[in-house]
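Taken from Swiss-Prot, the feature ATP binding site applies to His14, Asp172, Gly173, Lys174, Arg238, Phe239, Asp247, Arg253, Lys254, Ala270, Lys274. Taken from Swiss-Prot, the feature Mg(2+) binding site applies to Asp16, supported by sequence analysis. Under the heading K(+) binding site, Swiss-Prot lists Glu42. What Swiss-Prot lists as L-methionine binding site is Glu55, Gln98, Asp247, Lys278, and the listing cites sequence analysis. The annotation region 'Flexible loop' is assigned in Swiss-Prot to 98-108.
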Amino acid sequence: MRKLFTSESVTEGHPDKICDQISDAVLDAILDKDPNGRVACETAVTTGMVMVMGEISTKCYVDIPKLVRETIRGIGYDRAKYGFDCETCSVITSIDEQSVDIAMGVDEALESKKGEMDKLDAVGAGDQGMMFGFATNETKEYMPMPIEMAHKLSRRLSEVRKNGTLPYLRPDGKTQVTVEYENGKPVRIDAIVISTQHGPEVYLEQIEKDIKEHVIKVIVPSELLDENTKYFINPTGRFVVGGPQGDSGLTGRKIIVDTYGGYGRHGGGAFSGKDPTKVDRSAAYAARWVAKNLVAAGVADKLEIQLAYAIGVAKPVSISVDTFGTGKMTDEEIVSIVNKVFDLRPGAIIRDLDLRRPIYKQVAAYGHFGRTDIDVPWERLDKVEEIKKHI
């Protein structure tokens, strides 16, 4: 049976991604000085303006306007002709402390209040909700091919802009990849869409030629392309006005880009700007860690795990898995292995993945999962042998 599946990615200069990176830059700066700081930082950008808001409880001081300007400069919006300039944009901040009602549940979980003395029971989940983790062996990154390929194309767009290969490119851009599957296995790429911001001096014909030569051919294996592969490069014909001048941006608006490109389910919670007591982030990372190690251990070819939490309670209220018919054992047996090998209380996740560190801005663009260009703890295959002992 043949079917098509499509996923998209965006570059670091996309307005929503600018916001994610600013929010995580603030988080990293606080965790660098105060590992126990509580952060829920949201950012909005529009023409000539950045607003940073949220709830932060910390003992340290960070210069938020300076962080904002440094982040925007690093992305590449450093001159007025790009429509957004790190030096001249206004920066507005509105920061409150974390609610004492939320802090009460996070600082002392329900289990601790009942007298259960395990130290890790003292950290309650920062909110209710469900989080999903996913892994598949269809790529070496254990990610679905459509999102993995889209991210690589987006990163390459940024690379050729910054290294001068295509100096007329500007920071905003999007990619989209359609993969054809046969009996559940990726066999070819059916379509590639790339929209990239550019200077007014260059014509579409040149952009099409350069993107095919310096981006697509460099990233996409030739055996996945054929005479029927369709290419759509700047299909509107012109993309000069972009970034915050073209569209407003908000933190947390690219949650599918951040995860599995729609191939796996999503619990709805965004990642950026949240410290690891927020299970939206830490439990989603843990779920990816669990799923990837299970697939690498041979438990299934494709696996999705759902974790659910109650605010102020340490232990997950439910754990479930789905192997989409590829499992080598029953779902109940897999959940049993998960409970034996992994401790999924928030305090244990923070400990085992060492999450109270400034490691978040680096994943705020080009995906939080499947990263091989950086070392993030939830991508490590450090539980495979232990899982195999229980198979």
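Every residue gets a Cβ built from N, Cα and C, even glycine.
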Distance between Lys254 (ATP binding site) and Glu55 (L-methionine binding site) at the Cα atoms, whole Å? 21
Which ones in the same chain are close to Asp16 (Mg(2+) binding site), with CB under 8 Å and 6+ residues apart in sequence? Val10, Gly249, Leu250, Thr251, Arg253, Lys254
Across His14, Arg238, Lys254, Lys274, Lys278, listed as binding-site residues, the smallest other-CB tally within 10 A is for Arg238
Under a three-state DSSP reduction, the secondary structure at the residue listed as 'Mg(2+) binding site' is helix
Spatially speaking, which of the binding-site residues Glu42, Glu55, Lys278 is closest to Asp247 (ATP binding site)? Use C-alpha to C-alpha, please. Glu42
Show me the subset of His14, Glu42, Gly173, Arg238 whose Cα is within 10 Å of Glu55 (L-methionine binding site); these are the binding-site residues I mean. Glu42
Filtered by Cβ under 8 Å and at least 6 apart in sequence, the residues in the chain of the residue listed as 'K(+) binding site' near it are Cys19, Ser23, Val52, Met53, Gly54, Leu250, Thr251, Gly252, Gly273
Using only the residues recorded as binding ATP (His14, Asp172, Gly173, Lys174, Arg238, Phe239, Asp247, Arg253, Lys254, Ala270, Lys274), report the maximum Cα-Cα distance in Å, whole number please. 36
